[in-house]
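A.B. asks: Mind having a look at this structure? Questions to follow.
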Amino acid sequence: FWRTALHDEL
Amino acid sequence: MNLFRLMGDVSHVLAVFILLAKIWRTRSAAGISGRSQILFTIVYLARYMDLFFSFISLYNTVMKLLFISASCATVYLIYFKFRATYDGNHDTFRIEFVLVPSLLLAFIFHYSMSFFELAWSFSIFLEAVAILPQLFMVTKTGEAENITSHYLFALGSYRALYILNWIYRYYTEGHFDPIAVCAGIVQTILYCDFFYLYVTKVLQGRKLQVLP
């Protein structure tokens, strides 16, 4: 879950 | 999404298209480091593997696909379609000097010991130094065409704008990504010398030339 939360930038 | 990040992304997209358009319209890859472009392709492929399992927004997905396809197209133009114009003799930076350290750093600094996280960290570290072959080439030939300079300026501005975005996000949402921030700062510092030359030469209407 936190992976997508963390890597929301390009 | 905030204004800094949007401007950063716009700058990034602009850089990618300036380069593609330059090569396409002049039918030439002269002065462009194919090695840097290969490194950027590796960066995008390693980082955006999450396309297959995590959806953030349509914006994110479109941008990721755009960066992957544009970088692959650039590499194709340099090494295949306009290969005859590619200045390989001056593109001699050893890419293992950035690939190996980036990989090692990824094994030391990552958010979890999973394949995709390691690939993500690796891509962040590699992006920070992926421009070195291009900067090395400019130093070696002693000059850069104006369009190439605009490309480098837009590409450098992108991470600088991201730093402002990270500061903004830290204060507004408490978001802090130490790996991206550290690598982003290093990345921006690498462009500082170029930024100086760009402002003092290219913007004054002169060609970018590096003194020996």
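Placement of Cβ uses the backbone N, Cα and C atoms for every residue, glycine included.
From TrEMBL, here are the annotated features:
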- B:62-80: transmembrane segment (TRANSMEM)
- B:92-112: transmembrane segment (TRANSMEM)
- B:118-139: transmembrane segment (TRANSMEM)
- B:151-172: transmembrane segment (TRANSMEM)
- B:178-199: transmembrane segment (TRANSMEM)
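How buried are these features, and what lies next to them?
C.D. replies: Residues 9, 12-13, 16-17, 19-20, 23-24, 29, 32, 34, 37-38, 40-41, 44-45, 48, 51, 86 of the same chain lie 6 or more positions beyond the ends of the transmembrane segment (B:62-80) yet place their CB under 8 Å from a CB of it.
Below 8 angstroms of C-beta separation, residues 31-33, 35-36, 39-40, 42-44, 46-47, 49-50, 87, 90-93, 95, 98-99, 101-103, 105-107, 109-111, 148, 152, 155-156, 179-180, 183-184, 186-187, 190-191, 194, 208, 210 of the same chain, each at least six residues beyond the ends of the transmembrane segment (B:118-139), sit close to that stretch.
Proximity of distant same-chain residues to the transmembrane segment (B:178-199), defined by a Cβ-Cβ separation under 8 Å and at least 6 residues beyond the stretch ends, is recorded for 109-111, 121, 124-125, 127-129, 131-132, 135, 138, 149, 152-153, 155-156, 159-160, 162-163, 166, 208, 210.
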A.B. asks: Taking residues 6+ outside the transmembrane segment (B:92-112), which of them lie with a CB under 8 Å of any CB in it?
C.D. replies: 33, 35, 38-39, 42, 118-122, 125-126, 129-130, 132-133, 136-137, 140, 179
